[in-house]
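Written out below as C-alpha cells is the structure these notes cover.
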Amino acid sequence: MEIYRKSAAETFTQLEATEKGLTTSEVTKRQEKYGFNELKNKKKDPLWKLFLETFKDPMVIVLVIAALVQLVLGEVVESLIIFLVLIVNSIISVVQTRKAESSLDALREMSAPVAKVIRDGSKQSIHARELVPGDVVILDAGDFVPADGRLFESGSLKIDEGMLTGESEAVEKYIDTIPDEVGLGDRVNMVFSGSLVVYGRGMFVVTGTASETEIGKIAGLLETAEAKQTPLQRKLESFSKKLGLGILALCVLIFAVEAGRVLLGDNSADMATAILNAFMFAVAVAVAAIPEALSSIVTIVLAVGTNKMAKQHAIIRKLPAVETLGSTSVICTDKTGTLTQNKMTVVDYYLPDGTKENFPESPENWSEGERRLIHIAVLCNDSNINSEGKELGDPTEVALIAFSNKNNQDYNEIREKFIREGEIPFDSDRKLMSTLHTFNENKAMLTKGGPDVMFARCSYVFLDGEEKPMTEEILAKLKETNEEFSNQALRVLAYGYKRMPADTTELKLEDEQDIVLVGLTAMIDPPREAVYASIEESKKAGIRTVMITGDHKTTAQAIGRDIGLMDADDIALTGQELDAMPEEELDKKLEHIAVYARVSPENKIRIVKAWQKKGKITAMTGDGVNDAPALKQADIGVAMGSGTDVAKDSAAMILTDDNFVSIVDAVGVGRTVFDNIKKSIAYLFAGNLGAIIAILFALVLDWINPFTALQLLFINLVNDSLPAIALGMEKAEPDVMKRKPRDINEGIFAGGTMRAVISRGVLIGIAVIISQYIGMQISPEMSVAMAFTTLILARTLQTFAARSNVQTAFGAGFFSNKYVIGAVLLCFVLYGITVLPGAREIFSIPASFGLHEWSIAAGLALAAVVMMEIIKVVQNKFFK
C-alpha cells in the first residue's frame, strides 16, 4: 500500500521512527543502508568511444574504405582530404553528445542544500544529502523540500509542485489519510523533493531519498528514455547502405569487365599495368558516386536553419532537430506556461448590485462596493512584490495585489494606510483568512475565502452603498454567479467584512460569523494572446495539437475549448483514466483525445510513444522537471526558455519567448530547411550521376578514363560544396505551411527529386561525353581536360536549375538568392586556379588546353543547363 494511504502513525511504525527524530547512531546505520540523498552519476562514455561511435555510419564506412584504397595506391592528398572531412564531422557529433548529457547534472543541482531536522530530540540544520528515511524535517515558507515524505503536521502549508505535476497553483497540504488511489498531484499529505514551500509551515517524516524520490524516478526515466533518430538521419542511413552496396557491386562489375578484357586480350601488353588501370577505373567510379561532402553540407544547411529559427525565438540544441520539427505531425504541449501565461490573473468580478467584468481604471470612479472589494483583497493578503519586481507568496494572492495595481491603486498605499492589527491565518479546514484593521477609528475584520464557506457565514450583504440583510434571492444570485464562474474553470474567492468593538485587539474563530458580503472575484491562468492564431495555423499545416497537463480536467478542458484545441468530437482524460485504459483502447481513441489532465511523467512518455507507434513524428513541449523524460522520448523536445534547466537540457529546441506561436514559425523554417536539403542532395547526386554516366560510357567504348580521382575529389569536396550550401539559403516555397506533414516513410528522393536527379544527371553526362569525344580527336590528355572542364562547369551552372523543381531560375527571381550568385562566381574562380601554371600538372590539364577548348566545354555545359530548364517548364505545363 502506498504511503499516502497510510496514517502518519502507521508511516512512523513502518519506518521505525518517531516524531522526536532519529538518533545519530541510527542515522549512521541508515546512511550505510540507503546511501546519501543525492542522484548518482551515470558513467559517461569516454570521448574516444564517442568519437569511434561516429564511424559506424554506413556512409562514413564507405568513405573510410575509399580513403584507405587511395592511401594504398599512394594517393596521399586525396586520402587525407577524405579523412579530414570525417574527423571534423565526428568532432561536431561528440560535442553535441556531451552537451546532451547534462540533464542529470541539472537534476542534482535542484536538491535543497540544507535541511532543518530533528535529531537526538533537538532541532538541527544539516546538508540535505545527509537525510535518510525516518528523518523528521521541518518546513517553513521559502524552503525547498529536501526529500519525499509523509506530513504529520501542517499549519496552512502550501507547496508549489508545478515543476513535478505541471499544476499552476500551489497545493494546500493536509495530514489526513487518503483512502483511494490518486495521482501524484492529489497526494496532499505528501511532500516531494525539489518543490517549494510558498506559505505556512509543516513537519514530515522522510519516506524516500535519492533515486527513491519522484525526482529520482524522473532521473531514471531520463536514463531509459530512448534518443530517437530524426527522419532525415533514418533516410540517409538507409540510402547510404543501399548506395554503398550499389557502388560496391558496380565497382566489382567494372573491375571484372576490365580485368576480363586484359586476360582475354593481347597478353603481350603489360598485364600488371592494365589490371592496375582497371582497378583505378573502379576507384574513380566509387569516388564519383559517393558525395563526400554530403554529411558536411547537410550539417551546414541545418546550421543555417538554426540561425533562421533563432530569429524566430527558437534556439536549436541538436542540429537534426531543425529538420525533425519540419516533419512534425503532433505537438504534445504542456498547458501551464506554454499555452497559458503561468500567472494567475483576475479576469472578472461580481458585486451584489450586479456590477461585473469591467472594473473602473481610476480609483476616483470606483463605487463604494468596488473600493471595499479591492481593500479586502489587498489587506487580507500575505503576498508581496519586492523592489526588484519579484512576486512573493501564493500565486492567488499575488493575482489580487496585481489586480489592484492594474487598476491604478498601489497596493502598498492601502497597506500603509490601514495597518494589520491582528489575524486568523488561512486554514485549509475552514478555507478562510481574516485580518483586523482600523478604518476612520472603527475596527473591522476583513475576511476572504471560498464562496460556499463565505456564503454560509454571511448574514448581510453590501448593496447600493448600504449593509442589508442577506435574502434568499440575493444568495441565489450569488450562488448562480459562482457556478457560472466555476463552469468557466475560473477560481472564485468571496470577500466580506464585519464591524468589531473598538477595544478589539485580536480575532477569534467565533468572530467569523454574521459577515457582510461585499463581492466575488474570478481568476485564471489565462491563455497567451497569440495562442489562438497559432493553434489555427497548426491545423492548416496538418498538425495535431494535444494538451498534456498536471492541472485539473475541468480547467484544462475549458482552456482547450477556448483556444480552439478541442473539436466537438474530442475528449479529455485524466492520468488515472489513462492508467486504467488498455493499449488497444488507447490506440483506437488516441486521435480523439485532445486533453490529458493530472498526468504523471510515465503518462507523458506513454502518450508520446502511442503517437510514435502510429508513425507520427511527435514533438513535446514543456518547462518542468516532470516534462524532461517525455522531452527526451519525443522525436523533438521543445523546452520553454523560462523552464527548468532539466527540461532545457533534455530538449532539442528551446523557445526563448515561451510563445507557442514560435513553434509554428519554427515548423515553417523546419519544412523549408528540409526542402533545401533535398535541393542540395539533388544537386550533388545529379552531378555525380553525370560523372558516372561519362565513366561507364568510356568503359563500354574502351575510352580512356575521363577523370582522375583528384579531379573528382576536387569537384565533390571543394567545388560542389559552395553551391550546395547556397541552395540551403533558399527562401520558403509559397505553400510551405499549407502542406500536410511529410510521411516519415517518404524517401529523400520523393516529390520529383529523383526525376530531377536523373534528368539533370543524364544531361550533364551527355555534355561530358560529347566534350571528351571532341578532346579525343586532339589527344588523350586533352580529352580528360575537356571532360573535367565540362563536368565542373555543368555542375556549377546546374545550381540555377536546382533552386526549384517547379520554378525556373528567372521565375524564382534570378538574383533573389545572393548566396547562389556568390557561390557560382567563386566556383569559377576555383576552377580558374586549376588551369594556372603549376596547378595544371596536378589536375592533368595539358599546356595546349586554351580558350578554344574551354569555349567548347562551356558551351556544352550551358546547353545542358538550358535543357534542364526547358524540361522543367514542359513537365510543369503538361505532366504536373
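Note that Cβ sites are derived from N, Cα and C of the backbone, with glycine treated the same way.
The DSSP secondary structure for Asp334 (active site, 4-aspartylphosphate intermediate) is coil. Cβ neighbour count for Asp334 (active site, 4-aspartylphosphate intermediate): 31 (other Cβ atoms within 10 Å of its Cβ, all protein chains included). Here Swiss-Prot flags Asp334 as active site, 4-aspartylphosphate intermediate.
In the shown protein chains, 22 other C-beta atoms lie within 10 A of the C-beta of Ile290 (Ca(2+) binding site). Look at Swiss-Prot and you will find Val287, Ala288, Ile290, Glu292, Asn716, Asp720 tagged as Ca(2+) binding site, backed by similarity to another entry.
Feature annotation from Swiss-Prot assigns transmembrane segment to 47-67 (among others).
Sequence annotations record features per position, and here Swiss-Prot assigns transmembrane segment to 68-88 (among others).
The transmembrane segment annotation in Swiss-Prot covers 243-263 (among others).
What Swiss-Prot records for 271-291 (among others) is transmembrane segment, and it gives sequence analysis as the kind of evidence.
Annotation comment: Swiss-Prot describes 681-701 (among others) as transmembrane segment, evidence class sequence analysis.
Taken from Swiss-Prot, the feature transmembrane segment applies to 707-727 (among others).
Under the heading transmembrane segment, Swiss-Prot lists 756-776 (among others), citing sequence analysis as support.
Summarising the annotation, Swiss-Prot assigns transmembrane segment to 819-839 (among others) and lists sequence analysis as the type of evidence. Cβ atoms under 8 Å from those of the transmembrane segment (819-839) belong to residues 714, 718-719, 722-723, 725-727, 729, 789, 792-793, 796-797, 799-800, 803, 845, 849, 854 of the same chain, restricted to positions at least 6 beyond its ends.
Residues or ranges marked as transmembrane segment by Swiss-Prot on the basis of sequence analysis: 854-874 (among others).
Between the transmembrane segment (681-701) and the transmembrane segment (756-776), three or more CB pairs separated by 6 or more residues in sequence fall under 8 Å, so the two stretches touch. Highest Cβ pair count under 8 Å relative to the transmembrane segment (756-776), across stretches 243-263, 707-727, 854-874: 854-874. In this structure, the C-alpha atom of Asp720 (Ca(2+) binding site) lies 44 angstrom from that of Asp334 (active site, 4-aspartylphosphate intermediate).
Take the CB of Asp720 (Ca(2+) binding site) and look out to 10 A: across all protein chains shown you find 28 other CB atoms. Nonlocal intrachain contacts for the transmembrane segment (854-874), taken as residues 6+ away from its ends with a CB within less than 8 angstroms of a stretch CB, comprise 759-760, 763-764, 766-768, 770-771, 774, 786, 789-790, 793-794, 796-798, 800-801, 805-806, 808-809, 835. Distance between Cα atoms for Asp334 (active site, 4-aspartylphosphate intermediate) and Ile290 (Ca(2+) binding site): 44 Å, as a whole number.
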